[in-house]
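Remarks on the structure that follows.
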Amino acid sequence: MVHPSFKELFQDSWTPELKLKLEKFLALMFKASNTPKLLTLYKENGQSHKETLQQLHQQLVEAERRAMTYLKRYNKTQVDYHTLIGVTAELVDSLEATVSGKMITPEYLQSVCVRLFSNQMRQSLAHSVDFTRPGTASTMLRASLAPMKLKDVPLLPSLDYEKLKKDLVLGSDRLKAFLLQALRWRLTTSHPGEQRDTVLQAYISNDLLDCHSQSQRTVLQLLHGRSDVVRQYMARLINAIASLAEGRLYLAQSTEVLRMLEERLKEEDKDIIARENVLGALQKFSLRRPLQTAMIRDGLIFWLIHLLKEPDCLSDYTLEYSVALLMNLCLRSAGKRVCATMAGLVLKVLSDLLGHENHEIQPYVNGALYSILSIPSVREEARAMGMEDILRCFMKEGNAEMTRQIEFIIKQLNSEELPGGGLDSDDDDDEDEEEDHDTMEADLDKDELIQPQLGELSGEKLLTTEYLGIMTNTGKPRRRGLASVQRGGDEPLRRPVTPGGHRNGCPV
């Protein structure tokens with residue numbers, strides 16, 4: 001403090017003088033760049049900038065981690081590609097040699113196969129497989145492409161659901177958002193099978209969403225909360241639970257869930273992702289007949305038709321799931337009757353969608369058209385507007401499967417069949433079985449709105465640090481779905497489906 005080089009730093013006047021010099025310097029710099037207001041903003045928002053920098057730092061660390069993972073995958077893929085090209089060239093040479101009468105030795109075949117297999121298999125493979133037996137090499141190669149079975153996947157720790165639900169109802173909006181996110185991640189990132197089943201059964205047995213609660217304040221009411229983030233994250237969690245057959249059964253037991261989702265769907269016009277998830281959940285609900293009946297009765301078909309009048313304004317997810325939901329509702333006799341009351345509008349919307357650039361929606365458009373054309377008044381309206389000519393135009397542009405499906409629709413259009421003929425999704429709500437569709441789409445976790453600050457807990461770490469419980473995981477045998485109802489590959493869809501399940505090849 002007394003050294004001549006440093007004693008100035010310990011004087012009370014040093015800090016304000018330095019600050020004044022810095023402000024003058026910055027003022028000159030900002031003046032030179034014609035942005036003097038930035039100095040004032042810097043003073044006012046210093047704390048806000050600090051928080052933003054912390055969030056950006058966290059995102060940067062996460063992005064760098066993902067980048068390294070992708071780089072390793074890319075390098076491995078590149079090595080495998082070069083290996084494959086080299087082996088292919090050698091095999092072509094060997095085939096040419098066989099034309100000249102030269103034989104391929106088992107040792108050569110063994111060396112080729114060992115090069116194609118993963119490193120873990122090479123040591124044992126070279127000594128344990130007899131390549132002199134015909135078909136052995138090709139069988140081993142095909143087997144190497146099969147996905148490896150997960151061994152000994154551990155169950156996730158049990159949670160204190162009473163404490164969780166209390167904080168979801170009474171905690172701050174930020175805590176609610178992080179808890180909803182963590183609970184969703186626990187479901188979406190768990191391994192399919194026993195681990196995921198156990199997570200879901202714990203949610204159900206502890207009535208995580210308060211579907212059976214008579215309390216004035218419930219977790220389910222977060223869907224109508226004040227916070228945009230909380231509302232969106234609640235919709236995401238419901239959509240994730242509805243992605244699993246047992247989850248749909250749990251949610252379907254409360255009429256309040258459906259009512260709140262329908263209200264949120266019609267009210268949510270700002271948050272696109274929130275509406276996507278509400279729509280996704282409702283679409284998955286439409287796999288169950290009593291819920292189909294309720295949605296038709298609540299006028300959801302009218303809402304969907306008016307939404308689909310301007311498909312170019314919709315995201316791909318919204319478009320795909322709204323068309324699939326419309327088709328599922330149109331498979332019911334009550335849904336067909338609703339469409340018959342506005343046949344002209346429905347036919348125009350569906351015919352416009354046939355030409356949409358998103359080809360994922362075509363099976364659902366075809367299925368809806370085929371279904372409603374079983375009503376004589378709808379067929380008359382379709383003939384009056386020249387529907388057959390419209391359909392034949394799309395036959396020229398579509399692929400072979402699309403063309404064959406349209407042929408079925410034209411046949412239905414020109415038939416004189418009375419309502420009730422043929423295979424139909426009948427209206428007996430007592431038979432409430434569905435295909436065992438479990439599809440957890442990646443969109444559930446896209447575009448997260450919140451990031452933890454430094455020192456803030458999130459995800460599984462938040463759950464296991466603050467909400468660890470004792471034996472809340474409960475096992476339950478999975479309910480077996482109906483045997484799949486087959487359809488010809490060329491026919492339009494005639495059973496309720498969900499887009500994820502249909503794309504992934506689930507039985508429809």
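Any Cβ shown, glycine's included, is placed from N, Cα and C.
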Coiled coil per TrEMBL - which of 46-73, 466-493: 46-73
Residue counts (helix, strand, coil, in that order) that DSSP gives for the domain 'ARMC9 CTLH-like' (2-31): 22 helix, 0 strand, 8 coil
For the domain 'LisH' (295-414), the number of residues DSSP places in helix, strand and coil: 97 helix, 0 strand, 23 coil
